[in-house]
Amino acid sequence: MLKKIKISLILALGLTSLQAFGQENPDVKIEKLKDNLYVYTTYNTFNGTKYAANAVYLVTDKGVVVIDCPWGEDKFKSFTDEIYKKHGKKVIMNIATHSHDDRAGGLEYFGKIGAKTYSTKMTDSILAKENKPRAQYTFDNNKSFKVGKSEFQVYYPGKGHTADNVVVWFPKEKVLVGGCIIKSADSKDLGYIGEAYVNDWTQSVHNIQQKFSGAQYVVAGHDDWKDQRSIQHTLDLINEYQQKQKASN
């Protein structure tokens with residue numbers, strides 16, 4: 001009986017801790033993926049429907065590298081506060097994987113808190129045309145980064161969700177951050193394609209498959225990222241869309 005009471009107390013305390021975390025950060029969910037790499041998920045509404053946006057951050061011996069940003073500027077400060085609370089380190093670098101607000105919307109904020117901000121030259125050009133905040137530093141489509149003892153690579157596979165979408169590869173962890181060019185395995189369609197290049201998308205995904213065939217985890221840009229069938233599902237969705245387009249012509 002005493003043993004059962006102890007177990008009940010432990011479970012109750014665990015649930016209380018989880019609830020407290022949720023109350024402090026109702027719009028930001030952080031999950032450890034592998035080693036010092038974490039997936040963070042934020043939520044926003046598009047056309048009346050609530051969606052999750054996924055990205056990652058890497059804890060290095062020099063500080064924290066954030067890929068993309070929380071979806072919505074109202075979440076920026078609580079996100080960086082939570083990072084400091086969890087790891088005792090500040091964000092020192094931010095990289096946007098394309099020009100949309102759920103990826104590049106935090107460039108100004110991260111710059112203001114002292115982080116170095118980066119994007120490709122293609123993304124920078126789009127942001128400039130749209131009169132939006134831009135990164136402090138730009139690079140050509142492919143670039144390798146080394147921060148302290150940690151390394152990762154930015155790779156441009158070709159056009160897809162947008163003209164400028166890139167992916168990020170963490171070789172030690174064997175994790176690929178697909179961003180919005182990779183659809184979640186539970187996606188019903190290609191989502192927003194107002195700036196997409198659907199006819200190029202398939203080849204771009206094949207380029208990703210070939211270059212990062214050793215990936216153990218692929219983090220899709222939206223919704224469920226844990227189902228690792230996301231790359232194949234993306235190809236299926238593209239094909240489905242193209243077949244419907246042919247049938248309607």
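Glycine is treated like the rest: Cβ placed from N, Cα and C.
Annotated features in Swiss-Prot:
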SIGNAL    1-22  signal peptide
BINDING   H98, H100, H161  Zn(2+) 1 binding site
BINDING   D102, C180, H222  Zn(2+) 2 binding site
BINDING   K183  substrate binding site
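In this structure, the C-alpha atom of D102 (Zn(2+) 2 binding site) lies 15 angstrom from that of K183 (substrate binding site). In sequence order, C180 are the binding-site residues from C180, K183, H222 with a C-alpha within 10 Å of the C-alpha of H98 (Zn(2+) 1 binding site). Take the mean position of the Cβ atoms of D102, C180, H222, the recorded Zn(2+) 2 site; other residues of that chain with a Cβ within 8 Å of it are Y51, A53, N54, W71, H100, R103, H161, G179, G191, G221.
Just so you know, the Cβ of H100 (Zn(2+) 1 binding site) picks up 23 other Cβ atoms within 10 Å once every protein chain is counted.
In this structure the C-alpha atoms belonging to H161 (Zn(2+) 1 binding site) and C180 (Zn(2+) 2 binding site) are separated by 6 Å. K183 (substrate binding site) sits 7 Å from H222 (Zn(2+) 2 binding site), counting Cα to Cα. Of all the binding-site residues listed (H98, H161, K183, H222), H222 has the fewest other CB atoms within 10 A of its CB. In sequence order, T97, H98, H100, D102, R103, H161, T162, N165, G191, G221, H222 are the residues of the chain that are 6 or more apart from C180 (Zn(2+) 2 binding site) and have a CB within less than 8 Å of its CB.
For the Zn(2+) 1 site, the Cβ centre of H98, H100, H161 serves as reference, and the other residues of the chain with Cβ at most 8 Å from it are T97, S99, D102, R103, T162, D164, N165, G179, C180, I181, E195, G221.
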